[in-house]
Amino acid sequence: METPPLPPACTKQGHQKPLDSKDENPEKHCPLTVNPWHMKKAFKVMNELRSQNLLCDVTIVAEDMEIPAHRVVLAACSPYFHAMFTGEMSESRAKRVRIKEVDGWTLRMLVDYVYTAEIQVTEENVQVLLPAAGLLQLQDVKKTCCEFLESQLHPVNCLGIRAFADMHACTDLLNKANTYAEQHFADVVLSEEFLNLGIEQVCSLISSDKLTISSEEKVFEAVIAWVNHDKDVRQEFMARLMEHVRLPLLPREYLVQRVEEEALVKNSSACKDYLIEAMKYHLLPTEQRMLMKSVRTRLRTPMNLPKLMVVVGGQAPKAIRSVECYDFKEERWHQVAELPSRRCRAGMVYMAGLVFAVGGFNGSLRVRTVDSYDPVKDQWTSVANMRDRRSTLGAAVLNGLLYAVGGFDGSTGLSSVEAYNIKSNEWFHVAPMNTRRSSVGVGVVGGLLYAVGGYDGASRQCLSTVECYNATANEWTYIAEMSTRRSGAGVGVLNNLLYAVGGHDGPLVRKSVEVYDPTTNAWRQVADMNMCRRNAGVCAVNGLLYVVGGDDGSCNLASVEYYNPTTDKWTVVSSCMSTGRSYAGVTVIDKPL
C-alpha cells in the first residue's frame, strides 16, 4: 500500500497555495535556515580539488612557479582576477596566465589565501606581500599587512614604515607612522633612518607643532646631527632648517653656550639672524613677548602619549630581577619581563625606545654589564659592556649618548665618566669629574649634565658639591653647592629645574628637597617629602615629580609620592609597588601601542 504524500510544506491541509503573510501570524512562517559551515566546507573541498589539480581551468604563472586554480574562485575573491576573467582580455580565455609583477612564492601565498582565508604575515614577507595584495586587490590581506606594520612601529623603523606606507597608498598606516614619529621624536632622531632622510622630509618633520619634546634643544641638536652626517652636501641647508627651529623657546644659557658657539650657525648669516631674533625675544618684558608672534615663538602642542613608570631590579633586601610598571592612567602596577640576572644600584635611562640598565651590583660583584629592554617585545637584550665596573653610578642621556657617571667599583669611588654610542654599540671615556662620587645623582638641563652630591671615599664624606659637564668643551665645572650634604639623593628634572630629593648624611636620612635653577646658579628649599628616603628613584611626568621606593634607614619602601610645583605639596600615591625596593632603577617610557 502506498503512503500518501505529505502536504506541501508551509501550506494548510488540503490547500496548495502558500500562506498569505498578511493573513497569517508571522510566527507561523517557516524559518530560513543558514548553515554557517557551508561556505567553509565548500572552499575546503575546492582547495582539495585544486591540490589534486582537478577541475582546474587556469594555471597562474609567476617566475618559475605554476599554480593551478579555478577561474570562478579567483574571480569571486579578487577584483583583479574578476576583471581579467570576465572581460574581453585575452587572459579570459587563456589556459596559462603569467603575472609579472609578483614573485612566485608570494603569489602562491595569496592564491592559498583565496582558498583558505589563512595567511601569515612576518617581518620577512610583509614588504612583498603588501604590494602584491594591493595589485590583486585583496584588501583584507593589505589591511592585515598594515596592522602588522603598525604593531612593529619603533623609533628605529617608523620613518621607513612611513615612506613604505606612502609609496603603497596606505593612508591610515601613513598617518599612524607619522604620528608615531612626532610622538617619539627624541628617539627617532637617533636612528639611521632620520640621518638618511631628504631635506624636504626633515623640514616637514621638524616644522610639526605636534612634536613631543622635553625642550626645543632636541630639535636643534637633531638638525646639527643631520647636517653633520653629510656636512659637505648638507651645510647649505642650515638656514632652511633653522627656520623651523624655535630658538626663542630655548633657555638663554643654551643659546649663548651652545647655539652661538656652533660652527654651522656661525658660518650662516641667516642662522645668526635667527639667533639674534631669539636673544631679542629674551630681552623683552613678558607682556611684549606676547606681542612678538611668529612660527618660532609658538609653543608646540604635542598629543600626550600615555606613560608608564618602569622600576627595574633593586635591593629587596638582596639584589633582585623583578621589573614592574606603573600605569599612570589606570593607576595600577603590573609585572613585565624580568632582568636576565639580578641587579641593584644600577644606572637607568630611556633612550631610542629602549630602557637601559647600566652596571650595578648582582649580589656578589660590581658589574660592567648593560642590558636593554624593549617595551614592545617585552624582552631584555645584552649590549656592549662598560669599560669599568660601576655600582651606585648615575646615568643620563645627553645629545644622543648614554653617560655613566662615577660610582663604586668594589674598592674605590670613581671620578671617571664614560659614554655609550648606541649606533656603534661602543663605550668610550670622556673627561673625569673633579671629585670621586659614588651614590651620585645626575640630571640634564639646558644641554649640560649635572652630577649632584654623592659620597667621596677618599675623604669619607657625603658631598654637598655639584659639578656640570659641557660635552662640547669636554670639561667638568663646579657650580653652586647644595645647602646640605646628600649621598644617595634622588635627582630629577622638571620644568628646566634640577631637583635633589632626600638622600643621607651619614646616619641621617633626609626628607628635605632642594631645587637648582641654572639661570640664577642657586639652590632653594621646597616642601619636604612625607617620609625620609635615600637611594630612591626619581622621574618627572605630566608636570609632577615622582619619588619611588628607597629606604628610610631601617627598611625598604614600596610607597611612591609625587611633588606638584604649583602647590608646593607632596602627595602619596595610593597604589604601592609589590615589594619594597631601594637602589632600583626608575624611568618613564611611552606606553607600547
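Heads up, the Cβ atoms here are built off N, Cα and C, so glycines get one too.
Swiss-Prot lists 17-29 with the feature compositional bias 'Basic and acidic residues'.
Annotated domain 'BTB' per Swiss-Prot: 56-123, in sequence order.
Residues annotated as region 'Disordered' in Swiss-Prot: 1-29.
Marked as repeat 'Kelch 1' by Swiss-Prot on the basis of sequence analysis: 308-353.
The repeat 'Kelch 2' annotation in Swiss-Prot covers 354-400.
Per Swiss-Prot, repeat 'Kelch 3' is recorded for 402-447, and the stated evidence type is sequence analysis. In the predicted model, residues of the repeat 'Kelch 3' (402-447) average a pLDDT of 96.
What Swiss-Prot records for 449-496 is repeat 'Kelch 4', and it gives sequence analysis as the kind of evidence.
The feature repeat 'Kelch 5' is assigned by Swiss-Prot to 497-543.
Marked as repeat 'Kelch 6' by Swiss-Prot: 545-591.
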DSSP-derived helix, strand and coil totals, residue by residue, for the repeat 'Kelch 3' (402-447): 0 helix, 22 strand, 24 coil
The repeat 'Kelch 5' (497-543) in contact with the repeat 'Kelch 2' (354-400), cutoff 8 A, at least 3 CB pairs, sep 6+: no
Stretch-level contact, the repeat 'Kelch 3' (402-447) and the repeat 'Kelch 6' (545-591), CB cutoff 8 A, at least 3 pairs: no
